[in-house]
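Engineer: In case it helps, TrEMBL gives these features for our protein:
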ACT_SITE  D48  active site, charge relay system
ACT_SITE  H86  active site, charge relay system
ACT_SITE  S253  active site, charge relay system
DOMAIN    39-301  domain 'Peptidase S8/S53'
TRANSMEM  356-376  transmembrane segment
Amino acid sequence: MALVFVNAAPASADLQPRADEWWFSAWDVQSSVWPLSKGSGATVALLDTGVDASIPELSGAVLKGADTAGGKTDGRKDLDAFEDGHGTSMAVMIAGQGGGNSGYVGIAPEARILPVNVMTKDVTGSEINPTDAVANGIRFAVGKGATVINLSFGGGADDIPHQCPKKLLDTIAYAIEHDVVLVSSAGNKGRTINSPEAPGSCPGVVAVGGIDSNLSPWSRTQRQPYVAVAAPASGSVVVGRGDKVYADAEGTSGAAALVSGAVALIRAHNPNMSGRTVVQRLIATALPISKPVPDKATGYGAIRIARAMDPAKYPVPANAPNPVYERFDRVQVAANGVNVVPAGAGREPAGGRSPFLYVAVAGLGALLVGALALLWRGRLRGGRSGSGGG
């Protein structure tokens, strides 16, 4: 089983991904995706722990960002309290340039990363409410022209209306009004408590489950009805702060980062395509992984980037399911009596309390206790490879 069904053209000779970045061959990226776009012109806002912009793998790829958590940075410093650099690892998965200790290549190497630190007291000494930090980070990203916002974190939302804090839901509506796609990890506790976790559980957010290299559901991916699609969640090293390379990393954080990179590719190749249509195409062109479709682990299936990018070759009916926005619209109509439509855009077809926060790379499961939140975060685990130790 593969994620593409095309005759491969000669591969691009400029950027060569690592052998363990198995999704490049599964998606036939170099032959079927990059000839269409490598993400030039797209900005991916990364709300996380900040990004170490100094490492070679991110040379020239990181814009000046912000810190909405009180850390007094411009986002280009990774404030991960566990010294592994979660935000940095997500940035490299999206827009890695090769080189450095890892040679890691991102899925959208010509996209640019807009880093926003949203991790609060545990990291920065700040007393800022974590929901405020995330909401303000989303607004900052929208104002800076991000085309997609990556949210590889989350936390308990089962006792919150619509499984989403009100302030966060209002900010998501603001982003959707400005035609920005929001992508979040589904979570890593599918084998244990498996409860809804925001922002992935929020209406209007693309929640991403995980698959392994056998194209089976990753064992710990969260099983929830709001999971829309799936992407690789295991099988490769990751690159952290200080250009340190960590083996055996896994989790839906990386799956979400890859989908955010895919959205950047789609939007770069189709600059006039609305965010609603982008998400609809991701869902409609996905490869079903489990039955029934959708299922709670992988949603409508593993994304197929080349198909989602090319509406001429792979048309999708206007009335194809778009559950991410259908749910969002229902909530908005119930609350306000109207749908949220991007400013200046025609209406799409119908298809068309502070949360506990975790960073969704599974591993040692260390806990941070903040003023208003538990920050669940897993260490990037295993031995370090490459020449960069420490």
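Note that Cβ sites are derived from N, Cα and C of the backbone, with glycine treated the same way.
Quick one: where do these features end up spatially?
Structural biologist: In the three-state DSSP reading, D48 (active site, charge relay system) counts as strand.
Taken residue by residue with DSSP, H86 (active site, charge relay system) is part of a helix.
Of all Cβ atoms in the protein chains displayed, 36 besides its own lie within 10 Å of the Cβ of S253 (active site, charge relay system).
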Engineer: Within 10 angstroms of the C-beta of D48 (active site, charge relay system), what count of other C-beta atoms is obtained when all protein chains are considered?
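Structural biologist: D48 (active site, charge relay system) is surrounded by 31 other Cβ atoms within 10 Å.
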